Amino acid sequence: MAIKLGPNQYGKAETHVVRVYRDTPRHEIRDLTVGTALRGDFSEAHVRGDQGEVLPTDTQKNTVFSFAKEKGIESPEQFGLALADHFLATSKRADGARIELDEVTWSRIQADGTEHDHAFVQMGGGVRTAVVNVDGRGEDRKAHVVSGIKDLVVLKSTGSEFHGFLKDKYTTLEPTNDRVMATSLIARWRYNTTEGLDWNKTYDVVKAILLEKFATIHSYALQQTLYGMGEAVLEQFPQIDEIKFSAPNKHHFLVDLSPFGVENQNEVFYAADRPYGLIEATVVRDDASDPGSAWHAVPAFV
Ligand SMILES: O=c1[nH]c(=O)c2[nH]c(=O)[nH]c2[nH]1
């Protein structure tokens, strides 16, 4: 019986790096949690325990910290691409690198009527994400960037209906033409290029489109809202070929107050935490480019 090593990757997960730019009294902060992973033929390490081709995960972590100063963190995407190319240049046995980056935003605290120069607060509004996959080097290099947002918690208190659904003998759900719709959204979008993009601006605009569409689409289902959000993003950005969503339907059930002789006209809800509907969808161009390794090891998607 022949046995061999199959797909594998190794690296340092969740290196939390905070870079303070303090060249002027008005400081800037980038706060990233970075996962690095190298893949390739590492059978010597796995089968025989030979570490000759293994760039330690400790070194990978050190590189993240040092690059925060050497290269700077202009955007998660730029930082991820720089790290991936560096690791592929160093580790000859690696044929691919994946860098996963989550960024939290620090907003300036308002003090004495102005934005403070060096005091910050986290306001929520989602975690910015990027997954960079680079395969090969030189002529053969192929780079893929999937940017995104997660933990974007949104709710609309009307403008959402759900009715006309398929029924069988187990169906008890009442149709509704006015319900609360809420989710903690994950969205990830795949670029068809890594050149000529303003990563930060594009992120801000995509996020604004997602929020605006969530608010303005009169919804007949979360599925329809997600599709409309995705369509709007693809219409605005030719550089984005597909967008994937994962959206837990955070159910808000009307509480029956009639035992207490109290009316409840869509005013008091029980916000259930589980179980929840989980709606996942991809919106994609007809002529989308080959994703290659873009979605390699990207968690939780159809
Ligand atoms: O937006 C919704 N989509 C569904 O598929 C679904 N199923 C369900 O019970 N409630 C909802 N809501």
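The backbone N, Cα and C atoms fix where each Cβ goes, glycine too.
Curation does not apply to TrEMBL; its annotations are automatic.
Sequence-distant neighbours of Lys12 (active site, charge relay system) (same chain, 6+ apart, CB under 8 A from its CB) are Gly35, Thr36, Thr57, Asp58, Gln60, Lys61, Val64. Under DSSP, Lys12 (active site, charge relay system) is assigned to coil, being neither helix nor strand in the three-state scheme. According to TrEMBL, the feature active site, charge relay system maps to Lys12 (among others).
Taken residue by residue with DSSP, Thr57 (5-hydroxyisourate binding site) is part of a helix. What TrEMBL records for Thr57, Phe162, Arg179, Gln223, Asn249 is 5-hydroxyisourate binding site.
The annotation urate binding site is assigned in TrEMBL to Thr57, Asp58, Phe162, Arg179, Gln223, Asn249. Here the Cβ of Gln223 (5-hydroxyisourate binding site) has 16 other Cβ atoms within 10 Å, regardless of which shown protein chain they belong to.
What TrEMBL records for Thr57, Asn249 is O2 binding site. Listed in sequence order, Met181, Ala182, Thr183, Leu222, Tyr276, Gly277, Leu278, Ile279 are the same-chain residues six or more apart from Asn249 (5-hydroxyisourate binding site) with CB atoms under 8 A from its CB. Under the three-state DSSP scheme, Asn249 (5-hydroxyisourate binding site) falls in the strand class.
Residues annotated as active site, charge relay system in TrEMBL: Thr57 (among others).
Annotation source TrEMBL lists active site, charge relay system at His251 (among others). Packing around His251 (active site, charge relay system) is summarised by its Cβ count: 18 other Cβ atoms lie within 10 angstroms of its Cβ, all protein chains included.
Screening the recorded positions Lys12, Thr57, Asp58, Phe162, Arg179, His251 for a C-beta under 6 A from any atom of ligand 1 leaves Phe162.
Pairwise Cα distances among Thr57, Asp58, Phe162, Arg179, Gln223, Asn249, which the record gives as the binders of urate, peak at 51 Å. Comparing Gln223 (5-hydroxyisourate binding site) with His251 (active site, charge relay system), their Cα atoms are 14 Å apart once rounded. Taking CA atoms as the reference points, Arg179 (5-hydroxyisourate binding site) and His251 (active site, charge relay system) are 9 Å apart. It is 12 Å from the Cα atom of His251 (active site, charge relay system) to that of Phe162 (5-hydroxyisourate binding site).
The 10 Å shell around the Cβ of Asp58 (urate binding site) contains 9 further Cβ atoms across the protein chains shown.
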